[in-house]
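K.L.:
These came from Swiss-Prot, pasted as-is:
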{"type": "DOMAIN", "residues": "42-229", "note": "domain 'RNase H type-2'"}
{"type": "BINDING", "residues": "D48, E49, D139", "note": "divalent metal cation binding site"}
Amino acid sequence: MRPFFCAAFGAPSCMRAANALSGGMDYPDLSLEEAAQARGYTRIAGVDEVGRGPLAGPVTAAAVVLDLADLPEGLNDSKKLTPRRRAALEPEIMARASYAVAHASVEEIDHHNILRASHLAMERAVAALDPQPDYLLIDGNLIPRALHIPAEAVVKGDGRSLSIAAASILAKEARDRIMVDLAQQFPGYGWERNAGYPSKQHRDALIKIGVTPHHRRSFKPVHKILYQE
């Protein structure tokens, strides 16, 4: 059920009303943000990343501080939105929120590991926010070690917090654009459709065409092909 009645309820209450009618399972809300506000925090950022599973391309993170009184309608975990809806929400978030997007490169993924690279991207996104937040809601079960702002890790946070959901949308849209651009430079892998994830087309192209500079050599399917060569 899509929360179409936001205007009637008012932005801060919209998602809670939708959750109540849908059994409380379908949409993120402002519960975590409001709990942080109750503890005295005023500038709360949601942080999320995308691109941990692909065989190619960077990992991308976004940090978003929402105006809790002026929320875009229909915010949800980016994975639960259609590409068209994500694309429509991106400019709405950018117009109404403070945000930053950052990346960790394929080289950094291979040098460190995908978890550390994901945290690097998160750290960079948070550092780029101006003004800085005073509290962070971070998707996942770990807090990046270089973040020195009070924070909490939120498992499946993009389905629980509207701020994290907004970050997931910006990160997804930004990374998808990168992969579309790379697909034009390196045709045949289907990156414009699979975003670097190991689809059949991508795996077949790795065997037939080979490994590009944008592939993650530390990932087993890529490493295996390089080793065979």
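Cβ atoms here come from the backbone N, Cα and C positions, even for glycine.
Show me how these features fit into the shown structure, please.
P.N.:
For the domain 'RNase H type-2' (42-229), the mean pLDDT of the prediction comes to 97.
Neighbour count (other Cβ atoms within 10 Å of the Cβ, all protein chains): 29 for E49 (divalent metal cation binding site).
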K.L.:
To test your reading of the divalent metal cation site: which residues beyond D48, E49, D139, same chain only, put their Cβ within 8 Å of the Cβ centroid of those residues?
P.N.:
V47, V50, A61, A62, S118, M122, I138, G140, G157, D158, I164, A167, S168, A171
K.L.:
What is the Cβ neighbour count of D139 (divalent metal cation binding site) at a 10 Å cut-off, with all protein chains included?
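P.N.:
D139 (divalent metal cation binding site) is surrounded by 28 other Cβ atoms within 10 Å.
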